[in-house]
Amino acid sequence: MTNIHNHKILILDFGSQYTQLIARRVREIGVYCELWAWDVTEEQIREFAPTGIILSGSPESTTEENSPRAPEYVFNAGVPVLGVCYGMQTMAMQLGGLTETSDHREFGYASVSLENSTALFANLNDNLTASEPKLDVWMSHGDKVTRLPQNFQVTGTTPTCPIAAMSDESRRFYGVQFHPEVTHTKKGLELLTNFVVNICGCETKWTAENIIEDAVARIKEQVGDDEVILGLSGGVDSSVVALLLHRAIGKNLHCVFVDNGLLRLHEGDQVMEMFGDKFGLNITRVDAESRFLGELAGVSDPEAKRKIIGKVFVDVFDDESKKLTNVKWLAQGTIYPDVIESAASKTGKAHVIKSHHNVGGLPDYMKLGLVEPLRELFKDEVRKIGLALGLPAEMINRHPFPGPGLGVRVLGEVKKEYCDLLRRADAIFIEELRNSGWYEKTSQAFSVFLPVKSVGVMGDGRKYDWVISLRAVETIDFMTAHWAHLPYDLLGKVSNRIINEVNGISRVVYDISGKPPATIEWE
């Protein structure tokens, strides 16, 4: 079996918003990497045994007295090191160079003139001006290196940053003041490939097929002949976990699908058809609609609704697990960003620390071992693996759906009548987006039920019925988002169909709020 962890890159995180992007780019190249807080110990690095190390950017300033530094062992480990932005600055300072606050901060596009040959820039240039190679890059820095450490040479300059890149070829230490991980740096992926593959010597074995083979082998080794229970929602993460476990242990996997009455139109039937009929999984459907709606009756506060939905799910799931007397393991769809966010750094600078719903959220009364086959994977990697396992692209690329489902898309109190109206309206909206080619152009689109009545005219009569708001956004990272400029004729068609086909809706509006100030979901 291929050892997909044999060659690996260690990324030390100094707090940059782009650090996870570095990891995703390295994985994209085909090499395993892990992202750790900057204040790791020499012992931890030795134990991990990286093939190369990347130092990330940071919002901190190297000129501040207590700003973070790389462990000294990084520069004595005998492996190549790449410093990015702040990472380059701390490398320079720790090896005897100097950094200062710049009079001219650089934020945005810049053109770096390449000087002196370096393995990092081999075969890279975006344009040749008077035979001088240049790279189009993305800068984001207020400090700059003003004196090189011993044995370093300048390999890149800009008019306002004389040392925009540096290298010590003998020790294989490299620094770039720009961000190769962002797409705005045109040759960024090629630069990272030069470092990871050509300089560090990593083999590109991190592929979907190899990851599946490794995951199946590890599941078999972990659980043996034991039985495993999984809460299967039909979302991408739990679906991929289900198929990996099914491949590894077959009927020893027990999938529990909790139908909470807060799902999209026909979603429960689709989950059963897909995983029960098509893939032949051992799956139980629990109709818990009345239990969820009963607990939600009279509750209108969004946070209270979320907590109730979470608690009832755990209770229902636990009731099912008690029926399975031989189960020893609980499978979860925890992915790598969950692990990163929940990792407790000593300083708190490296990551936002928060309790994630998939990490550490288990009730005390479920004393089962944890199986987490996706805990090393980013979301885009989970999708690739899902496709390789045979999940349909339409399902893999479906827009995000909140954990509490329609519980947070019905504003205020949740009632079955409201959910049924919303389901049908939303299905029409999504159907028309797909038919017009706009579903793939938007990052997330959905309908919201507004608990207000509006007057409408149907035939000769007036009626007071409910209002639906349509929401569609375009975003790269879901941290910020723009409302999607859907064509008027498309919006008109959706509105007309909803009002005519969904009895109980008299008005349809379109939400044109960006994030910020508004959030993507209404609740």
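Placed from the backbone N, Cα and C atoms, the Cβ positions cover glycine too.
Every protein chain shown contributes to the tally, and the Cβ of Cys85 (active site, nucleophile) ends up with 26 other Cβ atoms within 10 Å. The feature active site, nucleophile is assigned by Swiss-Prot to Cys85.
Within the same chain, residues at least six positions away from His179 (active site) with a Cβ under 8 Å of its Cβ are Tyr18, Gly57, Val84, Cys85, Val137, Trp138, Met139, Ser140, Thr185, Gly188. If you look up Swiss-Prot, you'll see His179 (among others) marked as active site, on the strength of sequence analysis.
According to DSSP, Glu181 (active site) is assigned to coil rather than to any helix or strand. Annotated active site per Swiss-Prot: Glu181 (among others), in sequence order, evidence recorded as sequence analysis.
If you look up Swiss-Prot, you'll see Ser233, Gly234, Gly235, Val236, Asp237, Ser238, Ser239 marked as ATP binding site. Contacts of Ser238 (ATP binding site) defined by a Cβ separation under 8 A and a same-chain sequence distance of 6+ are given as Leu230, Gly231, Leu232, Gly333, in order along the sequence.
The annotation domain 'Glutamine amidotransferase type-1' is assigned in Swiss-Prot to 8-205.
As annotated by Swiss-Prot, domain 'GMPS ATP-PPase' applies to 206-398.
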Cα separation, Glu181 (active site) to Gly235 (ATP binding site) (Å, whole number): 29
Mapped DSSP class for Gly235 (ATP binding site), helix or strand or coil: coil
Candidate nearest Glu181 (active site) in space, where candidates are the binding-site residues Ser233, Gly234, Asp237, Ser239 and distance is Cα-Cα: Asp237
Ser233, Gly234, Gly235, Val236, Asp237, Ser238, Ser239 excluded, remaining Cβ within 8 Å of their centroid (ATP): Leu232, Val240, Val241, Ala242, Gly333
